[in-house]
C-alpha cells in the first residue's frame, strides 16, 4: 500500500536545541494513528513541519501518490492540497458566528477574487447544516462562536476541519476540556473520519487513545521511540522509562 | 433587498447623505439661498473626501487589522496625479493666450517650453521631467490617479506581506514608506516642484467663466457620489465570505492560513483596493483645496487618519465616516479661530493653540475608555451591549478586535 | 617764529644725536632719493624703495609702512620726510629715526606723498622681507599665511632669502612650504617648479592642491590648427560628456572654421521683422504654427537675400564630425603639467583615504546619535514591547529641560552637568506617569498603545510650542567642547561628536549593567517573558513595568540633552528621530541591545555612504536609506540579530 504521507530523516533545531532529530514517520490513506510522548518530545513541532509552519533543517516530507515534496510550500498551499490541522487550544474566529466559521472552512475556491463574489450555493449550505448537526451545534449557528463553551469550540474546530474535506487530519489534543460523553462523541467522529482519510491524533489521555483502537507512535526527544499497538508500546521498556513511568 | 437586510445601516446612510447633499445645495451661493459661503461648501466637500479615505482606512485597519500609516500618502499621490493635469492644462491655456498676442503664432514646441518655464521656473528648471509625460492628457492622468497609488501599494504590500511583517512592525514600515515618499517629494529635482507643490488646482481649465461658487458645488456633488459608491463597495466587500476571511485575518492570521486561504493575497487585495480608493479621494480633495505639497503626505497625516477612524469607531464603515466628519469639522472650527477664547483670569486659553492638546488627550481617552468610538453610541441606543470579559482581544493577532469593540 | 627756531633746534639736536649713534640715518637715505620719492613715478621709484629696504636701519620698516599708507609727509621747511598725524588743520610731524615729535605745523607747510597703487604694491613687496624677518614669530607666521593665501611673484626673493636665517623650526617648515607654493606659481625655471611640485607629494593641504590646480588649468579648443608647441592634455570627441556637439560647433565658429547658422530665435525674429501684409516670404502668418512652415518662409526670405542664409539640412553633428578638439593646458611646459598631474594624483589618493576615514568618523557619530535616540526605545519597545510614539517627545522634553537649566545656570559646564540628571528626572517622571495612566491598560494591545501614545505625542508637542514658541532654542555646549580634533586638513572630528560618542558608549554600558547585573534587570526580563510566572514568584509586575518604562523614558531625556547640543531644540525635534529610532531597533532586531547597536551603526554608515555618492542632497539620502531598510526587512524580517524558535513567539 502506498503511503499518503512519508516523513523521512527530518531534523530541526532551535538555537542548538534539537527539537526533532532524524524523525521518520509514515501513514496510509485511510488510517488512524495516535501519537503520544512526554512534553517536549516534538509532537507539536512535528505537526508544524508537516503543515509548513516550520522549515526543517534537513530531511524530506513527501505527500500523496505523486510524492510531492511539501518542504518549502506555505501553510495555505499545504492546507489546500488536503492537510487539515486542529490546534491544541481551540482556535475559532470568536467574533464571527458559527455559521460564518463553518462556511469559511467549506471546501471551495480560495482565491481572493472568487471569495469576493462568492454566493453560498445549496450544497454549501447543506454541508454546513450537516456538519453542524454532526458536531451538535445546529441550534447555535447564529451565535457568535466566542460565546460557546470550551468543548463546543473544540467541536466547532473539528467541524471546520471536516468542512475542509482534507485527506489528512492532524488533531492536537481534541479531547482536552471535554466531559466523558463529549469525548465519546469526539471518538466517534474521528473514527468515522478515519474510514475515508488519514487521521493523526496527538493525545495524552491514555483512555482516549485506547478507545481510538489504532496504531500508536511514541515520540521521545524528537525521534520515534516505539511504534505499534497500544498494548505493544506500553509493554516497551523504553517507553515505560521515559513516559509512562513505573 | 437581501443586501439591505444584511446592512441595516445602509438606507439610513443613503438617506442622510442625500438629505445632506440637498441641504447644502439649497443653501449654496450658486444654486440656492446663498446662506452657506462657498468656502464652507468647499470645507464640507473636502470633509466628504476625508470620510472616503477614512472608509478605506477602516477597511484596511478595522476589518483586516493592518494599521497602515501610509494611506494618506496614497491620498496625496492621487491629488498629485490630478493636480499635474490641472496645472498643465491651465498653464497651457494661459500661455497660449499670452502668446496669441505675438506677431507670429507659436509652435507646439514653443508652447511646451513656455509652459515648462512657467511651471518649473520656481525650482530653477524649465524642462518637463519624465513623470509629466502624460500630463497633457486628462484621461491618462485620471488613469494614473488609480494606477500610481495602486501600483505603489501593490509593490510595497507584496514586499511587506510576503515577508510576514505584521502588527506594529508593519505600521512602522508603512510609516517609513510615507516618510520616504514625502522626503522624496520635498526635493526640488523630484519633478513635482519640491516643497512648492502644485497650486492653482481650484481653477478648472477652460471653465474660467464658471464661478467658484458653482465649481465648489459640482465638486461637492462628485465627492458625495464617490462617498456613496465607496460606502456601497466597502459594505459589499465586508459582508459575504470575503469579509469573514479578512476579519479572520485580523483576529487570527495563522488560523486563516491553515484553512487554506492565502493570507498574503487577501491582505494585498485589500491594501491595493483601499490605496486606490484613497487615491480617488485625493483626486477629488485637492482640486477643492487648491494646493498640494509634500507636507500633506507627511506621516502625521496618516496617523490622523487612524485617529479619525478610531474616534468614529473602527470595524464599522459608518464609524469611519462619522469619525472623519466630526473630527475634521471640529478641527476646522477650533483651528479656524472661530471658537471663543476662554479667559481664566491669569491665562487666556486660545483654542488655536490648545486645540491640538485637546485632540491628543481626547484621543487617549477614547482609546482607553471608548474603544468603540462614537459609533458605539449607536449600540447604546439599540441596546446591543456585549458582556464584559475584561476586554480580552478576540484573537491572538496584534490587530485583533477587542471584545468590547465587537458587536453582539 | 620762536616755535620755528625751537623746532629747528630740535631737529638739529635729534640729527646730532642719531649721528652720534650711527653714521647714517634713514633720513639720509630718503634725502638721497628725495627727488625720486617726490616724483613718485613707477619707473624711477624702484631704487629708492630698495635703498630704504636695504638700508639696514631699524626704522626702515616703519618708513615703508607709513609711505605705503600715505602717512609720510615732506616738510617744505627743510625738505625732510616725516611721519605725520593729521588733527584738523594741524599736522604733527614725527621723526622716523628717533620717534620724537618734531613739530606741529599747518597744512600748507607740508606736502603729503601719495604713491599710486603700483608703487604701493612695490612698497608692499619690499615690506614682506621685514615681516618675514620680524622678531615676533607669530608675526612671521601671519605673514607667511597671508602669502599662502595671496602670493605674488615679488614675494619669492625675500622669502627665499629669509629661509636661511630662520631659527624657529616650525616657521622654517612653513617658509619652505610657502616657498614651494610660490615657486610652483611664479618661478621661471621649470626644473625648480617640478622639484617644488614633487615636494608636495606627501602633503594633504588644501593649499598644495590650490597651487597645483592652476598649473593644470586647461581649456577646450578647436584643435585643427593648434601650434606644435601646445601642451595638449587630451583629445576630445565632440558629443561626449566633456564637450557637447553644440559647444564643439561654437568652438569651431569662434575659431573661424565654420559659419554659424542663424538660431531658432534669430530666425523667428527675422521672420517677425519681415511680415508684409500678414505674410512672410509668401506664407500667411497664421500658418507659421509649425516649424517646417517657418523654415519654408525663412528660406523664401533668404533666397531674396533679406536674411542670412540658412541651410535646413545643416546638422551640427555632421559639421563637427572628424574635426579634432582638444583640451589644452594653459601652462606651456609638458614636464611641469605631467609632474603636477602625477603629484595631484598621489595627493588625491591620500586625500581619498583620509576622506574615507573622515566619512567613517561622520558615520560613527551619526550612528551614536541614532543609538542615543534609540536606546530608550530599545528598553520600552525592545524589552517591554511597548510601542511609544511619544518617545520623540521625551527626547524633546529632555532637550528643553537642558535649555531651561541653561537659563537659570549661566555657566555652561555646570549647567550641562545639572541638566543631564534633571532631564533624566523629568522624563523619568513623565514616563512613569504615562505608564501608570495609559500604557498599563493597553498591554498586549500594541496598536492601541501606538495610537494612544501618539495622542500624547501631539499634545506634548503642542504644549511645548505653547510654552517655548515655534522658533528654535539654542542649547549651548561648554567652551571645552568647542572646536574639533584635527588630524590633518581632511580628517577632523568635532569634540561634541566625540562627546556624543562617549555618551553613547556610557549608555550602552549602563544598559548592559542594569539588564544583566541588577535586580531590576532580572525582574524586567522575567516580567516581559512571563508576567504571571514572575508575579507568582513575588515580583510585582506593575512596579517593574513602571520602573522599566521610566528608565527608558529617562534615557530618552538624557539623549535629548545630547542631541540638543548638536541640533536645534524645537517642539518638533522628536518627530525627526522617532521613525529613525524605530527603524534602528527594528533593523537591529527587537529585544537585543547589540542588535540596536548594529542597527544604529548600519543606518548611520549607510546614510553617510549614500550622502557621499550624492553629497548635495541629504533628503535623497534619507529617502534611499528608508527604501533600503524596507528592502532589508524583506530578507531579515526579525532584524540583524533575531530570536529564533518558539521564543520568537510567532
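Backbone N, Cα and C define each Cβ position, glycine as well.
Annotated range for transmembrane segment in TrEMBL, selecting from C:525-545, C:546-566: C:546-566. Taking Cβ pairs closer than 8 Å, the transmembrane segment (C:369-391) reaches residues 431, 434, 439, 443, 446, 449-450, 453-454, 456-457, 460, 500, 503-504, 507-508, 511, 515, 524-525, 528, 545, 548-549, 551-556, 559, 562-563, 566, 574, 577-578, 580-582, 584-585, 588, 590-593, 596-597, 599-601, 603-604 in its own chain, all 6 or more past its ends. By the Cβ criterion (distance under 8 Å, sequence gap of 6 or more), the transmembrane segment (C:546-566) is counted as touching the transmembrane segment (C:495-515), at least 3 such pairs being found. Same-chain residues lying 6 or more positions outside the transmembrane segment (C:618-635) and placing a CB less than 8 Å from one of its CB atoms are 579, 583, 586-587, 603, 606-607, 610-611. Within its own chain, the transmembrane segment (C:412-434) has Cβ neighbours under 8 Å at 380, 388, 390, 394, 397-399, 401-402, 405-406, 453, 456, 476-480, 546-547, 549-558, 560-561, 565, counting only residues six or more beyond its boundaries.
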